[in-house]
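The next block holds one structure in the form of structure tokens; read it before the comments.
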Amino acid sequence: MTDSSTGAGAAYGDRDPDALARRAGERANPDRDQHFLVDDRVLDRIPAYLPDDVDASHLLEIGGGAGALTDRLLAVAADDGSADTDAQRRLSVIERDGVFAGFLREEFATAIDDGLLDVIEGDALDVDLPPFTACVANLPYGVSSEIAFRLLPEGKPLVLMFQAEFAERMVASAGDAEYGRLSVSAQHYAAVEIVERVPKEAFAPQPAVESAVVRCTPRDPDYEVGDEAFFLRFVKALFTQRRKTVRNAIRNTGHISGLDDPEAVVDAADEDLLRQRPGDLDPSAFAALAELARDHGSPTEV
Ligand SMILES: C[S@@+](CC[C@H](N)C(=O)[O-])C[C@H]1O[C@@H](n2cnc3c(N)ncnc32)[C@H](O)[C@@H]1O
């Protein structure tokens with residue numbers, strides 16, 4: 001590609017991340033979750049973690065910052081991947097900080113003029129999400145869980161950077177020490193895998209913790225959930241009693257799950273499930289129990 005330091009006119013994919021952070025004109029503020037990726041090799045690999053068959057026609061990035069990842073994603077968007085040049089791809093970037101949103105608009109003015117990029121200045125927890133086909137982001141860690149659970153129900157491929165400890169909880173399996181509400185909820189929506197561990201040195205300023213890139217590939221679960229909100233509430237309720245048996249966890253958490261008659265659920269449930277602990281149940285077992293609870297436990301809105 002071309003000169004990596006020239007700013008607005010440069011082609012995409014090889015801007016120098018340090019130069020970008022310098023040109024952004026303000027020091028990144030860790031109190032605002034601003035840890036910018038400065039390792040070119042990591043930046044080059046992240047978009048490549050999207051599934052091979054991904055529909056990249058409308059990518060979404062959350063937290064554009066000084067634009068190092070934006071630049072890589074624009075390289076994907078600019079290459080429409082087909083002989084049909086009318087098949088214009090697009091990248092939308094949501095950035096809460098007005099300084100960096102303004103910087104992105106200047107730095108990538110050509111992409112905006114070409115209809116390749118739009119910068120949405122706002123909080124990713126509040127703004128209307130554009131109709132994206134896949135999302136790639138180095139997330140602000142302070143709100144990474146809230147953002148992930150805004151994105152997961154959309155059912156699109158996601159490649160997201162998290163704190164390593166959070167990522168490990170997302171991908172944990174039943175029986176693992178890290179397995180919990182987060183694992184069940186994430187795996188309900190997607191097949192989740194850690195595709196890369198990223199050391200602190202890859203960021204400036206460096207975060208306090210190690211990071212990991214997680215790929216979420218949407219899946220159709222092999223079980224039925226009639227009421228998703230109730231299912232997620234039921235999982236949350238049972239994990240508040242993770243050291244108890246499932247039997248006692250159901251009995252003790254009707255006020256959280258919204259069950260008026262938890263005893264009726266216990267009466268109807270399979271003894272093998274009741275004897276286990278919440279951390280031993282995989283998402284399909286939780287779903288089976290949640291359906292039983294809806295049928296027998298007189299659920300009400302909480
Ligand atoms: C970890 S930095 C990533 C920056 C850049 N994408 C990179 O990889 O170098 C997270 C970015 O998210 C922005 N941010 C923080 N909270 C946000 C929110 N609630 N909504 C949107 N952006 C947010 C920060 O201003 C920062 O630019």
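Cβ coordinates come from backbone N, Cα and C, glycine included.
Because TrEMBL annotations are produced automatically, they should be read as predictions rather than curated entries.
A sphere of 10 angstroms centred on the C-beta of L37 (S-adenosyl-L-methionine binding site) encloses 23 other C-beta atoms. Under the three-state DSSP scheme, L37 (S-adenosyl-L-methionine binding site) falls in the strand class. Positions annotated as S-adenosyl-L-methionine binding site by TrEMBL: H35, L37, G63, E95, D123, N138.
TrEMBL lists 13-31 with the feature compositional bias 'Basic and acidic residues'.
The feature domain 'Ribosomal RNA adenine methylase transferase N-terminal' is assigned by TrEMBL to 42-220.
For 1-31, the entry in TrEMBL reads region 'Disordered'.
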What same-chain residues lie close to the compositional bias 'Basic and acidic residues' (13-31): Cβ under 8 Å, and 6 or more beyond its ends?
-> 1-2, 4-5, 7, 37-40, 43, 65-68, 71-72, 74-75, 99-100, 103, 107, 204-205, 207
Give the residue counts of the compositional bias 'Basic and acidic residues' (13-31) per reduced DSSP state, in the order helix, strand, coil.
-> 9 helix, 0 strand, 10 coil
Does anything in the same chain, at least 6 positions from N138 (S-adenosyl-L-methionine binding site), have a Cβ under 8 Å from its Cβ, and if so what?
-> H35, L37, I46, G63, G65, L69, M161
Rounded to a whole number, what is the top Cα to Cα distance in Å among the residues the record ties to S-adenosyl-L-methionine, namely H35, L37, G63, E95, D123, N138?
-> 20
Counting other CB atoms within 10 Å of each candidate's CB, the least crowded of the binding-site residues E95, D123 is D123
